[in-house]
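Student: Sharing a structure below in structure tokens format, with a few things to ask.
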Amino acid sequence: MARIPRCDFLGLPGICYLLSFLLAGLLLPRASAFNLDVMGAIRKEGEPGSLFGFSVALHRQLQPRPQSWLLVGAPQALALPGQQANRTGGLFACPLSLEETDCYRVDIDRGANVQKESKENQWLGVSVRSQGAGGKVVTCAHRYESRQRVDQVLETRDVIGRCFVLSQDLAIRDELDGGEWKFCEGRPQGHEQFGFCQQGTAATFSPDSHYLIFGAPGTYNWKGLLFVTNIDSSDPDQLVYKTLDPADRLTGPAGDLTLNSYLGFSIDSGKGLMRSEELSFVAGAPRANHKGAVVILRKDSASRLIPEVVLSGERLTSGFGYSLAVTDLNSDGWADLIVGAPYFFERQEELGGAVYVYMNQGGHWADISPLRLCGSPDSMFGISLAVLGDLNQDGFPDIAVGAPFDGDGKVFIYHGSSLGVVTKPSQVLEGEAVGIKSFGYSLSGGLDVDGNHYPDLLVGSLADTAALFRARPVLHVSQEIFIDPRAIDLEQPNCADGRLVCVHVKVCFSYVAVPSSYSPIVVLDYVLDGDTDRRLRGQAPRVTFPGRGPDDLKHQSSGTVSLKHQHDRVCGDTVFQLQENVKDKLRAIVVTLSYGLQTPRLRRQAPDQGLPLVAPILNAHQPSTQRTEIHFLKQGCGDDKICQSNLQLAQAQFCSRISDTEFQALPMDLDGTALFALSGQPFIGLELTVTNLPSDPARPQADGDDAHEAQLLATLPASLRYSGVRTLDSVEKPLCLSNENASHVECELGNPMKRGTQVTFYLILSTSGITIETTELKVELLLATISEQDLHPVSVRAHVFIELPLSISGVATPQQLFFSGKVKGESAMRSERDVGSKVKYEVTVSNQGQSLNTLGSAFLNIMWPHEIANGKWLLYPMRVELEGGQGPEKKGICSPRPNILHLDVDSRDRRRRELGQPEPQEPPEKVEPSTSWWPVSSAEKRNVTLDCAQGTAKCVVFSCPLYSFDRAAVLHVWGRLWNSTFLEEYMSVKSLEVIVRANITVKSSIKNLLLRDASTVIPVMVYLDPVAVVAEGVPWWVILLAVLAGLLVLALLVLLLWKLGFFKRAKHPEATVPQYHAVKILREDRQQFKEEKTGTIQRSNWGNSQWEGSDAHPILAADWHPELGPDGHPVSVTA
């Protein structure tokens, strides 16, 4: 059952009773269906496993006696005796009866010659079509197999297919109908020719009943082929037409199709497709170019079918052209085209299956943009199509679309109109309601089989069951309400008791239907409800119906009218009276008339009693309720009794809602328009101030009178919905009511709004409808009153911009890097450790709003300084990983790829990543002395910044798509400082600052998208390693120059000293040197021994030495040597 609208949009207690009465009692049956009778559906069942219902057709024979048939194909039905096969398939004919198992098998295709053919799995009944009332019937077996040289070495088997054409009484008359049709027999064999043509996959008749059309999608390597032949023996055109051979391919967009296109999988024809009153043929090729195509063809004088237009599908593997139908949906004289694509899917919008409606523009198809109808996921929506004829007799054809895997299966009914197809289905038939699964796999309509002048619908399935849905006649009811008196004067009681005021209400009904001969007795039940709007506000009604029925409420009166035939006008009347002491004398009394068709109780009917007549139904497109208002006589309008009010909208501006009683005006743009930021605000306020003051204080009587029934009407855009009303003072707030979808608001400002009154209030508007495409909020405001005043609408606008709540930050680890070692060329690099110090950058993007995939394509970009200005390496990128930007537990792929030199990754890092361990700080490597030997003073050193923004470095941009993330995404970048570049270029630099920049960019079609704080700068300081400043490896020529320079300096110094006389020796007079001889002194006679004995040590006084002459030398103990005697012993010496 279709969903019924909820009744809680106002949230007041008095709503539910009336709406539940109206909807449940009157509108509920009409909301669930229109004029196809579901309760009286006729089921037919076949043999289990026979695929009874794979194809269906409505048929009506006129001779020898009129009878309607439900033709059902069962391509897996068991074989007949003599067919020498297990399953051959068959065609079944079912009468219109309540019996479910009274179908019989049409007597065709008996016997078999196994030397020439095989009927095993020939799938007879795969397609079945009828010409209509009194016409022929065609059914096919597309897997029929022709054999030659059976049981021989050169035996051949060709799956050519075949069809049978039956007379209107389902008998085969070869002399009239041709009987068995095998177009591919006797033609060249092989799958590249006609050996697998599968004639009869689709078969149909032209609408003028002259031509029979067969589809053979297996011909020419499954390119496909169409055969068209005339079955009208009186027609002089008895040629057989077929589509072009592969060798006859035409040029241009309307050329022939490629192989494996399956041309002829679906076929139809119609007049007015290309030229008025000219017959064209249409064929589907669901595998053409992997998207599918539909070809419109014409026949020429050379028995060929020439393609004129090719319509291509929009999605790969959508099966565009799997089914098709031709009809004039808008009745403009030009045939329109409906194409099914059951394999179409849209993952984001959760759509599955599609039907494309091409509205013919006078035979021009090039610039037509088709309307696309879609089903639910995996429903196979569009696998079957049927033209129903004018189902509701409104002058426009209707169509049916099958979706066999939408639940138990559904069939969607779409009405035609002057503008084309109505996109909202008028009725949805569900397989669950009739107990059939895979309901809607095949469809047939457009023929009235029960004789009520309304076309019916036959629905097949894959569950060996079919069901007939008969159309119910549609009644168009006219109703009128007469009120007396039209205005209520509370000062003039007119009831019989003379105390109260009474109002007479008269209602009249009549109906018309199609055809004019259809005139059943129609019984209508109606209900008059008094003071409807007041009760919707939760207030007690002011009226009662004295003559109400026993089951009626006091404010309601019900009745029944019986219309005997079309145009019969029958009336009913009643009286309501106003209650005593009515206080609300300003608001009008609303009387609502609701009516419905009285449906007789369904009685169970025996199967042999024939079909019961289907009951009529009211037109679902015609409202079954009517309102009328009864006003009070107005008072207080001055001496002239003419109310000339002066309602003015003094203030109208958008405000942000801070609390329930606090509002703040939105900021203004340069042009004075309010600015609204879409950043999670669920509501927005609209401040309104309405005054009723005299326009000229000097002439206060000229205007400014009471404004009776003063109202403010607000029309909201689709992005805003009414939520409530607030006031800041203690005065009574206006009563505001909205329509069902809260897009139109009516606020009562007073009845009357007194002279000198000023009302300020806030409309609370929900912003849930604001989307990313919304650029402006525009509310149309109109003051209304029944007093004399000329009022014009006023517009309030606000610009909408979307501020992305994104923040980005970054950090480098470590934040200081050092360089040292030896200079290595790029070709010498083998591992990442050869490059230099490792650094890791971590960039975090936080998202506090909705997922980015709803706004556009977002990218996280990092500007990586990979080279200095002269092209030498700076930071070598090793690895880039994005976490969180692709969804939970997914890693994104950034471009371009890092590590373009394909250096080996440090095995320790690879092991940690495989184990998922955190990355530790890299241990310091063994410091190698720098190869630089020339010392640089600290005063000469300088600070350098390497930044791509300043032109001191060259950057490569790594771009990482952020498809969706809820809270945060983290980008990890690992790199290596190129040690050699710094040794060669920056030895004289005190420090270097390497700048890495990151930002977020959004590619979106949204013009009002604002992105702030979307960039960050990550610096890293680089220094020369102080431990490594040691000179080594001095070149030999430097050593040679240093030696030579030293020798030269030494020579100059010696020459200078020689010139100054430094090398001249001083001359002294010749002196007598005393001679000493060694003597032996006994130990006990030595002075030292004596001193040691006595304990007194006397040291020599080296300062009082004795000199002999002026040139004498002091006598030192160190100069003394003992003189040896003849025996070798020291001798004593006397001075």
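Keep in mind that glycine also has a Cβ here, set from the backbone N, Cα and C atoms.
Residues or ranges marked as signal peptide in Swiss-Prot (evidence: similarity to another entry): 1-33. According to Swiss-Prot, the repeat 'FG-GAP 1' annotation covers 38-103. The annotation disulfide bond is assigned in Swiss-Prot to Cys94-Cys103, Cys140-Cys163, Cys184-Cys197, Cys495-Cys502, Cys508-Cys571, Cys637-Cys643, Cys736-Cys747, Cys955-Cys960 on the grounds of similarity to another entry. Annotation comment: Swiss-Prot describes 185-238 as repeat 'FG-GAP 3'. What Swiss-Prot records for 306-367 is repeat 'FG-GAP 5'. Residues or ranges marked as region 'Disordered' by Swiss-Prot: 905-933.
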Student: What three-state secondary structure does DSSP assign to Cys643 (disulfide bond)?
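Tutor: The three-state answer is coil.
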Student: From the DSSP assignment alone, can you count helix, strand and coil residues within the repeat 'FG-GAP 3' (185-238)?
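Tutor: So the counts come to 4 helix, 17 strand, 33 coil.
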Student: For the repeat 'FG-GAP 3' (185-238), provide the mean pLDDT of the predicted model.
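Tutor: The average pLDDT of the model in the repeat 'FG-GAP 3' (185-238) works out to 87.
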Student: Let's check the environment of Cys163 (disulfide bond): how many other CB atoms sit within 10 Å of its CB?
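Tutor: 27, counting other Cβ atoms within 10 Å of Cys163 (disulfide bond).
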Student: Using C-alpha positions only, work out which of the disulfide-bonded residues Cys103, Cys184, Cys197, Cys495, Cys736 is nearest to Cys508 (disulfide bond).
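Tutor: Answer for the nearest of the disulfide-bonded residues: Cys495.
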Student: Per DSSP, to which secondary structure element type does Cys103 (disulfide bond) belong, with helix, strand and coil as the options?
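Tutor: In three-state terms, Cys103 (disulfide bond) counts as coil.
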Student: Where DSSP helix means H, G or I and strand means E or B, what are the helix, strand and coil counts for the repeat 'FG-GAP 5' (306-367)?
Tutor: 0 helix, 34 strand, 28 coil
Student: Can you tell me the CA-to-CA distance separating Cys163 (disulfide bond) and Cys184 (disulfide bond), as a whole number of Å?
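Tutor: That separation, Cα to Cα, works out to 11 Å.
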Student: Within 10 Å of each Cβ, count the other Cβ atoms and name the one among the disulfide-bonded residues Cys94, Cys140, Cys508 with the highest count.
Tutor: Cys140
Student: How big is the Cα-to-Cα gap, in Å, between Cys184 (disulfide bond) and Cys140 (disulfide bond)?
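Tutor: It is 13 Å, counting Cα to Cα.
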Student: Round to the nearest Å and give the CA-to-CA distance linking Cys643 (disulfide bond) with Cys747 (disulfide bond).
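Tutor: Cα of Cys643 (disulfide bond) to Cα of Cys747 (disulfide bond) measures 20 Å after rounding.
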Student: Rounded to a whole angstrom, what is the C-alpha distance between Cys140 (disulfide bond) and Cys495 (disulfide bond)?
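Tutor: Their Cα atoms are separated by 78 Å.
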Student: Taking DSSP as the reference, which of helix, strand or coil describes Cys495 (disulfide bond)?
Tutor: coil
Student: Among the disulfide-bonded residues Cys197, Cys495, Cys502, Cys960, whose Cβ has the fewest other Cβ atoms within 10 Å?
Tutor: Cys495
Student: Below 8 Å Cβ to Cβ and six or more residues apart, same chain only. Which residues does that give for Cys103 (disulfide bond)?
Tutor: Lys44, Glu45, Gly46, Leu70, Val72, Phe92, Ala93, Cys94
Student: For each of the disulfide-bonded residues (Cys184, Cys643), count the other CB atoms lying within 10 A of its CB, then report the residue with the highest count.
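Tutor: Of the disulfide-bonded residues Cys184, Cys643, the most buried by Cβ count within 10 Å is Cys184.
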Student: When neighbour density is defined as the number of other C-beta atoms within 10 angstroms of a residue's C-beta, which of the disulfide-bonded residues Cys571, Cys736, Cys747, Cys955 has the lowest density?
Tutor: Cys571
